[in-house]
Amino acid sequence: MGQRIHFVVDPQGWCCMGLIIFVWLYNTIFIPKVILFPHYEEGNISVVAVLCYYFCSLFCIGSLFRASVGDPGKLPENPKIPITEREYWELCNKCNMMRPKRSHHCSRCGHCVRRMDHHCPWINNCVGEDNHWLFLQLCFYAQILSSYTLILDFCHYYYFLPLKKENWDVFVCRHELALLRISAFMGLIILGGISRLFYTQLMGIFTDTTSIEKMSNCCEDISRPRKPWQQTFSEVFGTHWKILWFIPFRQRQPLRVPYHFDNEV
């Protein structure tokens, strides 16, 4: 979809990403089998509820995959520096390459990334200028999917009518309570962790600062937005069309903005 494939060789990142995929597979397989399909067949829920769950699941895994293998903004070996922006470029003291300000050298990946926010082991990739929007979508849809799963777990026992027939597999029927308890536990853990991360990311976009810039305390008036929030979000997502901010299956077109930054990172 217009992105270069970026693959990071990191066993720790593979384990973290594998754990996320396991949680996604678990809920995508067992929640429809235990709750959605049986209650749909007996008329307790509509087909819209089933489709919405699968749409959330699809968008979640789509944003995860693209954020993981997409190029976060790796600088080429011999970057072409526009004449009008040369004063906003600097030399990296780790890889001895020229880079625009607000870039950062990732020691784990071994190269500089434009407007790097942080290196995330859960996607086994850096979060930078070119995949930050996908990381935000991953956080958003992971929250939606976790909340949806928790609501279904609760409604299955306390709201929905009891099922009149058992048409499940023997394994699922015998271990229904254990399966749903595991699902609820994983949903609470994911929702709690992702919600805090998503809030931090949103505040960074509102203030037009990255996580690395906040930790290095390199910005004056760091809590004051420098641009309208619509502009900062449009720069991250690569479009002014707000409806496209929620769609991971598209090509991002970066908005051309100068690399001006008051202080060096």
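Note: Cβ is positioned from N, Cα and C throughout, glycine not excepted.
Note that TrEMBL annotation is computational and uncurated.
Quick look at what TrEMBL annotates:
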| type | residues | note |
| --- | --- | --- |
| DOMAIN | 89-216 | domain 'Palmitoyltransferase DHHC' |
| TRANSMEM | 12-31 | transmembrane segment |
| TRANSMEM | 43-65 | transmembrane segment |
| TRANSMEM | 138-159 | transmembrane segment |
| TRANSMEM | 179-199 | transmembrane segment |
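Nonlocal intrachain contacts for the transmembrane segment (179-199), taken as residues 6+ away from its ends with a CB within less than 8 angstroms of a stretch CB, comprise 23, 26-27, 30-31, 34-35, 136, 139-140, 142-143, 146-147, 149-150, 153, 156-157, 172. Note on the domain 'Palmitoyltransferase DHHC' (89-216): DSSP counts are 69 helix, 18 strand, 41 coil. Per-residue pLDDT, averaged over the domain 'Palmitoyltransferase DHHC' (89-216), rounds to 87.
When Cβ-Cβ distances below 8 Å are used as the criterion, the transmembrane segment (12-31) is approached by residues 53-54, 57, 60-61, 64, 68, 121-125, 145, 149, 152-153, 172, 179, 182-183, 186-187, 190 of the same chain, each at least six residues removed from its ends. Among residues of the same chain six or more beyond the transmembrane segment (43-65), those with a C-beta under 8 A of the stretch's C-beta atoms are 17, 20-21, 24, 27-28, 31-32, 36-37, 123, 134-135, 137-138, 141-142, 144-145, 148, 152, 160-161, 246-249.
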